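Pulled from TrEMBL, these are the features on record:
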- N10: site 'Discriminates between blocked and unblocked aminoacyl-tRNA' (SITE)
- Y15, F66, N68, N114: tRNA binding site (BINDING)
- H20: active site, proton acceptor (ACT_SITE)
- D93: site 'Stabilizes the basic form of H active site to accept a proton' (SITE)
- 186-215: region 'Disordered' (REGION)
- 200-209: compositional bias 'Low complexity' (COMPBIAS)
Amino acid sequence: MIKLFVGLGNPGPDYDATRHNAGFWWIDGLARELKVQLVPERAYHGFVARASVNGQSVWLLQPQTFMNLSGKSVASLARFFKILPEEILVAHDELDIVPGQVKLKRGGSHAGHNGLRDIHAQLGSADYWRLRIGIGHPGVKAEVPHWVLKKPSPDHRTQIEDSIAHSLKAYPAMLAGEMDKATLLVHTTKPPRPKPPRPEGAGAPAAAGNSLSKE
């Protein structure tokens, strides 16, 4: 089961609404679902909440170290409570996934994400779960640092929030250790609603004398 849920982001109001903080948004949503409050904990260099689920302690963490030092926070809490890498889930922004989609996987490379890079280094393992929240790519590699630290467009923000709400439906399966079920829930999205059929004769020119236009 997942015992430690981590959301990545940067601290402070200047970063709250930026793409790089999508992981924080996810943890905020999980805290609401579990009815717990994140509070600052200096020992773990972040905002922390504890929930009890079926007698098992579950931890929520938002590192306040800035993105590039996220591993310091994650490793501090994980080591103190003897939480294994495979019992950790890290929610983070993902450039290679479009807004509105979320992917769940275990292990793999950090793919250039500096928060994941530091978690790899501090845990000494890549064998933790990642919830990859799509923020889209600017299309040019040189623009990535600027892109992740900017606010998404209103449409993209709505898509990201909707995808977070959808993926949060999988948290009970994560807590139960049913990660195959959680993956299926996260990856299954409703197909777009089909457009209604076009009325017969739509688009045909109006008959003489039946024009609706006003002069």
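Glycine too: its Cβ is placed from the backbone N, Cα and C atoms.
From a predicted model like this one, the values you see are computed outputs, not experimental measurements.
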Report summary line: Sequence-ordered list of residues in the chain of H20 (active site, proton acceptor) that lie 6 or more positions away and have a Cβ within less than 8 Å of its Cβ, or none, is L8, G9, N10, M67, D93, V148, L149
Query raised in the report: Record lists Y15, F66, N68, N114 as binding tRNA; longest Cα-Cα distance in Å?
Result: 16
Report task. Other Cβ atoms within 10 Å is the metric here; tell me which of the binding-site residues Y15, F66 scores highest. Result -> Y15
Report summary line: For N68 (tRNA binding site), the same-chain residues 6+ apart in sequence with C-beta under 8 angstroms from its C-beta are N114, G115, R117, D118
Query - N114 (tRNA binding site) - helix vs strand vs coil (DSSP) - result: helix
Requested in this report: Would you find the one among the recorded positions N10, D93, N114 whose Cβ has the most company, meaning other Cβ atoms within 10 Å?
Outcome: D93
Query raised in the report: Which residues, in sequence order, are found in the same chain with Cβ within 8 Å of the centroid defined by the Cβ atoms of Y15, F66, N68, N114 at the tRNA site, excluding those residues themselves?
Result: N10, H20, T65, M67, L69, S70, G115
Query raised in the report: If you run the three-state DSSP split on N10 (site 'Discriminates between blocked and unblocked aminoacyl-tRNA'), which class comes out?
Result: coil
